[in-house]
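Novice: Pasting a structure below so you can have a look.
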Amino acid sequence: MGNCCGTSDAISQNAGSRSRKGAGLSASSSRVSAASVPATPTPRSEGEILQSANVRSFTFNELKTATRNFRPDSVLGEGGFGSVFKGWVDENTFVPTRPGTGMVIAVKKLNQDGFQGHREWLAEVNYLGQLSHPNLVKLVGYCLEDEQRLLVYEFMPRGSLENHLFRRGSHFQPLSWNLRMKVALGAAKGLAFLHSDKAKVIYRDFKTSNVLLDSNYNAKLSDFGLAKDGPTGDKSHVSTRVMGTYGYAAPEYLATGHLTAKSDVYSFGVVLLEMLSGRRALDKNRPSGEHNLVEWARPYLTSRRRIFRILDARLGGQYSLAGAQKAAALALQCLSGDSRNRPSMQQVVAALEQLQEGKETSHQAQSKSKLSGRGFNGNGSNWSRSSRRSEATPVNARYARPRRLSASPLPE
């Protein structure tokens, strides 16, 4: 199944690289409502661990045995939060087993970095322990022993969306158009569930490194360390410290600290744009004027005739232009500067489902391109670089990502 990782560190103004890995469950669902949640809301980043029949409490020695004493060659990913290790347990008793037998797990071992680290660890235990949905990673268990804080997830063999979009090499072949749209739909369903009346959660840190893929490329949201309960009563937003990741955070949230479900919608728009373009949200290695993906791409998103200029060349023209235009229009809606003009995530799900229902096959799209004598770049070329589906991701691949924002003095 999958591999997981991630705790949150606060956002830092410098976009740098971080590493993490993920874990999660399996099949996707066509319904965002098919899930279980607690009956009453609780501040899940404070206080005690909420009891859950589906989450096991492990001892430190059990996880030490399962990961072969946290051996370096068992590392799946690492970053400011700590390291993620591959381990094995019996799928029925959860007792540690020999490598290669039983159920594969990913064990996230947090650095002992004080209260904020514990708070994010607790938030992850309580959110993933109480919420269940096919597009959220599955938390198998946790360890709270002395100063040790660990999280245990089912193993996600294909790693993160970030790796498939931005890493190069034989293990990271570019995702096809159809797979990108499948992943986008799965991630959208996960967010739509979080925003639903059943959960009422704001994710706050949606980005490519937090979207994990199982063996069938079903998307699972991971890392709930920054998640917040949504507004209650007649409140329209949650006032909180500004935390998240630069390049993905909504402008009104950065300016005011007012967090709403529409903040997540903006972040989804950024990720959808990354999937369309094959570019990172922030990339200072790009030419001047192209560092910020949203700012650079916005003029092209507003022009149906120029949309091809932002599309990932690694797609090799294997998509329909009409589908690309619709996906770009959806991204533009999500990225509206006025949060009131952004769609809800349920509306995003509906739009992506329509896009999939009306999609043309890669063969049909390629045939149309050949018949016209012109590729989608308008100059007679159809971006001949081949596009193959990704093979299984090596479990020791490192995850580089932008650093998080440093917390603002806004009240929690």
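Placement of Cβ uses the backbone N, Cα and C atoms for every residue, glycine included.
All TrEMBL annotations are machine predictions without curation.
Source: prediction; values computed, not measured.
In case it helps, TrEMBL gives these features for our protein:
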type	residues	note
BINDING	Lys109	ATP binding site
COMPBIAS	1-17	compositional bias 'Polar residues'
COMPBIAS	26-39	compositional bias 'Low complexity'
DOMAIN	70-355	domain 'Protein kinase'
REGION	1-47	region 'Disordered'
REGION	355-412	region 'Disordered'
Novice: For Lys109 (ATP binding site), what is the tally of other C-beta atoms lying within 10 angstroms of its C-beta?
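Specialist: Its Cβ shell of radius 10 Å holds 23 other Cβ atoms.
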Novice: Specify the secondary structure state of Lys109 (ATP binding site) as given by DSSP, simplified to three classes.
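Specialist: The three-state answer is strand.
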Novice: Take every residue in the domain 'Protein kinase' (70-355), average their pLDDT values, and give the whole-number result.
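Specialist: Mean pLDDT for the domain 'Protein kinase' (70-355): 92.
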